[in-house]
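Here's the structure, in structure tokens; my notes come after.
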Amino acid sequence: MTRETALNLALALALPAFVASAYVAEEPFLITLATRAAILALAATGLNLALGFGGLVSFGHAAFFGIGGYATGILASHAQDYTPLMESPFLIEGTQAMLIHWPVGMIAAGCAALVIGALSLRTSGVYFIMITLAFAQMFYYFAISWPAYGGEDGLPLYLRSSFPGMNTLQPLPFFTLVFVVLILAIGFCGMLSASRFGLALHGARQTPARLVAAGIGPFGVRMTAFVISAMLTALAGSLFADLNRFVSPSMMSWHLSGELIVLVILGGVGRLFGPLAGAMLYVAIEHVAGGLTDHWQFFVGLLLLAVVLFARGGLIGLLAGERGHV
Amino acid sequence: MSLLTLEGVTGFYGGAQALFGLDMALSEGEVLALMGRNGMGKTTTVRAICRLLPRTEGRIVFAGQDLLSLPPHRAARLGIGLVPEGRRVFRGLTVEENLTVAARSGHWTLSRVATLFPRLAERREQSAETLSGGEQQMLAIGRALMTNPRLLILDEATEGLAPTVRAEIRSGLAALRDTGLSILLIDKSVAEIAEIADRIMLIEKGRAAWGGAPSELGPEIQHRYLGL
């Protein structure tokens, strides 16, 4: 077992262990805090696929996070108001079922990523960053100006969406659900990165011309990664809406896109468990330093600076030492 | 039968023209060496064939297909395996991963590449950037073979390598020639090329200047076109 594998295992166990002790100590707020970390880790895991594995610095992943959130919010709000979402040409009712919210949000985000990717993936560097940012801002302002679903005020949800055989309103079952989804997503990304597709994505990031010479078009590889990445982030957005029982345009703001990038960099770009490490660290600082001062983000800034200057591999790189797979 | 034909090919880097109506043909199973002084258009010719040149005009036909109407990766999929100038391996990937990323079904498999270059088999799990220069070049050739090409193009495959490694790569290429694979080779060493190539084509200022068997490449022609 390499040091990184051991570290990954420790990270995977740390969050459930923390939740178990919070449960024993009867501190449901801490379980909710851990759930928030797991959801942010899932969103950043999605981003890591594009940013870390594909070298695509997307500054617009908040759009996908928000699309996932609004998919849940819109479907759930219609279910709680007993109003259909659409009556013609065919009837679509709202629903509280997560198993419907998730695919709807993921497919919607995947379609949005196809459109955004079709334009942005023809560029690179700062242009790619700016185009993804511009699209996310378009979604943000659209959500603000959409009064049917709360506009700027957002959309409150009275109940948490349902999952078969589970009381999702209880913090512990909801955390368990989120954590299982996170581990499955990380496992999926691990399989993807070790597959031929993952190797080609690595090649597309490093030297597209070499990939072309091998008969693989970098555009298709990048687009696939970008769409999968968007879908994972949308799944996190859907869970985030359920965690807060509230959806608002702020889920699509550029601050959140930046936050997701920070999580990936803190944990380790292109490291499978980097987003989880980054999210745990970020939420811990937010909770601890946020209790001391309103300007807690100052400490995140300091930490980010330290990571960029002294630990390019992020927290995982610093602790594991050796280079990651990508 | 001609596998690759170039007719009146012109090539440009931005506004600068590098090829001026180049004609060339390569038959199935032939080993053709492209030679010329620096800056005469050898690598540009290879880039034009592989569709990696920003602007190419004229006619390039490979296995009956017009290459200029295809995007670069589709051209490669028709069966053109390129070993580019410099040791172009994917850093961060292991030897095996470098080989499998390009793999397409056919004669060439991991084990066949390992038989051709046993050193790669010994370093299968090793990260590509930790290989020596010669091993990286073997890996680049192996990766091109894994695409199961009909035409293998090598741009300065042995440039800057130690004589023993050059000999090892040359014997690998000779073995490839004996399998009937078509090879387009760019190299500077007349003596080494004479061992492998069936035919030599000299390029001067973006045009074909001379063509013939290695034995016909007399001192006068070498002096005139290669400056030797």
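Cβ atoms are placed via backbone N, Cα and C, with glycine included.
According to TrEMBL, the protein has these features:
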- A:31-51: transmembrane segment (TRANSMEM)
- A:58-79: transmembrane segment (TRANSMEM)
- A:99-119: transmembrane segment (TRANSMEM)
- A:126-149: transmembrane segment (TRANSMEM)
- A:174-199: transmembrane segment (TRANSMEM)
- A:211-240: transmembrane segment (TRANSMEM)
- A:260-284: transmembrane segment (TRANSMEM)
- A:296-320: transmembrane segment (TRANSMEM)
Could you check if the transmembrane segment (A:99-119) is in contact with the transmembrane segment (A:211-240), meaning 3+ Cβ pairs under 8 Å among residue pairs at least 6 apart in sequence?
yes
The transmembrane segment (A:31-51) vs the transmembrane segment (A:174-199): three or more C-beta pairs under 8 Å (separation of 6 or more)?
yes
Could you name the stretch, out of A:58-79, A:126-149, A:174-199, A:260-284, with the greatest number of CB pairs under 8 A to the transmembrane segment (A:211-240)?
A:58-79
Near the transmembrane segment (A:126-149), which same-chain residues lie under 8 Å Cβ to Cβ, leaving out any that are not at least 6 residues past its ends?
56-63, 66-67, 70, 73-74, 77, 112, 116, 119-120, 155, 247-249, 252-254, 257
